[in-house]
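Read through the structure below, which is laid out as structure tokens, and then see the notes.
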Amino acid sequence: MAKMNTGIAYVILIRRPSLQSFGRRRPCGVAIILTSKTVSPCRMAGSTVGFDGIVDGSDINWHHVSPLQFPSRATLQSWSHPTMTLHERIKSKTTRQGWVLPRQTTSFADPGAWTNVDCDVTPLNRRTWSAWTMFGYWFSDALNAQSWMAPASIIALGLTWREAIVCIIFGSLVCTVPLVLNGMVGARLHIPFPVAMRASFGWYFSRFAVVTRAITALFWHAIQTYTGSTAMTQIIRSIWPSYLDIPNNIPDSVGITTQGMISHLIFWLVQFPILLIPPHKLKWFFVAKCVLVITTSVAVVITMTSKAGGAGDIWNLPYGVHGTDRSWLILSSLSSITGGWATMATNIPDFTRYLKTDKGVYWQVAFLPGIQLMLGLFGIICCSASKVVYGKYIWDPLEIASHWDGPSGRAGAFFVGLCWVVAQIGTNLSANVISCANDIMCLWPKYLNIRRGVIITTVIAGWVMQPWKIIHSAQSLLAFMAGLGIFLAPIAAMLSADYWVVQKQMYDIPGLYRAHGRYRFNKWGTNWRAAVAFLISVVPSIPGMAASVDPSIKGTIGDADKLYFMFYFWGYTSAFLVYIGLSYFFPAPETHIAATIYEDSDIISAAEGLDKGDSELGDEKKMGEKEVVSSV
């Protein structure tokens, strides 16, 4: 039975049970302040407080409050919002204190520091993912319009379908290396990416990695949302063909038409509530997306090959480049495919933290290349058939559907549009929104949880950043976004190197949550070894990135652009090796421990878990991990 510490005030918010079974609620609540030295938060009225916070029909929320940080009236109201009227809840949000989240009392954080359940170690009741969930997750992430059109960018360079297939397979396989290495950090320790980065970058420098990842996610969420709006257009025009005839009242300088803006608004409104689903409850959405996208994709392939009387003639296209230029293009295409997954390879712990066991992490080696290959082949076949049917190569599946008229054609266009609407929402969920929400949540845990982070992310990406301008009038910005992989590669590399080689898979989990713990490194909260490795990895690729943004300077950088052709291979391997070398010759002894520390009072040997053959380094009882009490 846990006891409260002497001299600490605790606030208990109790409300009567809601009459949900009768379709109505009668809220009534009271706040009690307890300062007893021996009050137990685990028992009340002879009943044990369960994980869901229910005792004898009453909902209990425990909030640990320092005497020096006693909550304001607005804060207390925000904690007890289930008992408040709508007017009271809105009024409580008019002050900054009204937005304060309940402080997580079972956290490892320093006394007085604020954290919340989404930032802490994943509670046992949220570890719901299995290997099949990871399968659905990768189908949700990889099944999107960009993956369908990936071969187009390779063939357009002058290569053939053979090189496109090779680049897709091996580029994806290379990416599974950091996906597995970094995925294990989340699967075994159940901590999010921003927290994991503190071990290698330091308390403050890790925020640079977090912000870099968040910015990347924002940009890609904006683009994926706009792509989803084009799919929404096909759904609407299949029902009301005159929708395409809506007059445009928006100036050309804006970069979008009236009809396009309506589609964007409708898609954003449809996407918004789905984005609010908690990550640990997403597995059924992944299943639904898999069934819908695969079924529709196969149907599109059958339809196009039937119309064309075969698979077309794209298989016979000659090379457009020769000699060393072709070799460099192949290498560049490989790196581009790998770099396209650089974001996920970096923050994959944000998702693997929800796994029950770590076995699902290994399946990524088969999932990602297989899904990419399947969708890439679908794209090549349909594009080849479109040349026969429509007289030109069409890579975009939505553009293909736009040619389908008549009752049966519009019905087909509806399902294609629905397919890619769901596909883009799933990709936004798995690759962009949750990632960015995790990042900004860990920067401001007092005010932000994942749900609030999702709202901020999708509002900024969908409207503030004006994705239609990014697509139509900022090619240099698109090139810059593609080049952000040069910054993400060393971040992913040092997370892998630190966990697997430098620390030998042994982290002090409580120490990761403490500003002055073993992972602070120095008064600046920066691991200089990570900073040096980052610079060595990034600086050589900057000239090539600059030339991709502004082609006019290409003649002034010599052969530096060649290194940029393989930016991910160079960035990952150089940072990985340099970080290990610096950590070996200039070790930080305070960070080296003999076994993983899961709690302040428990030290569990990694060898013990391996000897028993347990994939989670010992079962949950032996781990003694804390069940982090969730907050509403």
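Even glycines carry a Cβ here, placed using N, Cα and C.
What TrEMBL says about a protein is an automatic prediction, not a curated fact.
Source: prediction; values computed, not measured.
As given in TrEMBL:
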- 159-181: transmembrane segment (TRANSMEM)
- 201-223: transmembrane segment (TRANSMEM)
- 256-277: transmembrane segment (TRANSMEM)
- 284-306: transmembrane segment (TRANSMEM)
- 326-344: transmembrane segment (TRANSMEM)
- 365-390: transmembrane segment (TRANSMEM)
- 410-431: transmembrane segment (TRANSMEM)
- 452-471: transmembrane segment (TRANSMEM)
- 477-502: transmembrane segment (TRANSMEM)
- 528-547: transmembrane segment (TRANSMEM)
- 567-586: transmembrane segment (TRANSMEM)
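The stretches the transmembrane segment (567-586) and the transmembrane segment (284-306) do not meet in space: the count of Cβ pairs below 8 angstroms, excluding pairs fewer than 6 apart in sequence, stays at fewer than three. The largest share of C-beta pairs under 8 angstroms with the transmembrane segment (410-431) comes from 256-277, of the ranges 256-277, 365-390, 452-471, 477-502, 528-547.
Non-local neighbours of the transmembrane segment (365-390) in the same chain are 134-135, 138-139, 142-143, 147-152, 161, 164-165, 168-169, 172-173, 175-176, 179-180, 297-298, 300-301, 304-305, 307-315, 337, 341, 397, 400, 403; each lies 6+ residues outside the stretch with a CB under 8 Å from one of its CB atoms.
Counting Cβ pairs under 8 Å that are 6 or more residues apart, the transmembrane segment (256-277) and the transmembrane segment (452-471) reach 3 or more and are in contact.
Here the transmembrane segment (477-502) has Cβ contacts under 8 Å with residues 178, 181-182, 184-185, 193, 196-197, 199-201, 209, 212-213, 215-216, 219-220, 223, 336, 339-340, 342-343, 345-346, 470-471, 530, 533-534, 537-538, 541-542, 545, 548-549, 564, 567-568, 570-576, 579-580, 583-584 of the same chain, all six or more residues outside its ends. Counting Cβ pairs under 8 Å to the transmembrane segment (452-471), the top-ranked stretch among 159-181, 201-223, 284-306, 326-344, 528-547 is 201-223. When Cβ distances are compared across the two stretches, the transmembrane segment (159-181) makes contact with the transmembrane segment (326-344), since 3 or more pairs at least 6 residues apart fall below 8 angstroms.
Of the ranges 201-223, 284-306, 326-344, the one with the most Cβ pairs under 8 Å to the transmembrane segment (528-547) is 201-223.
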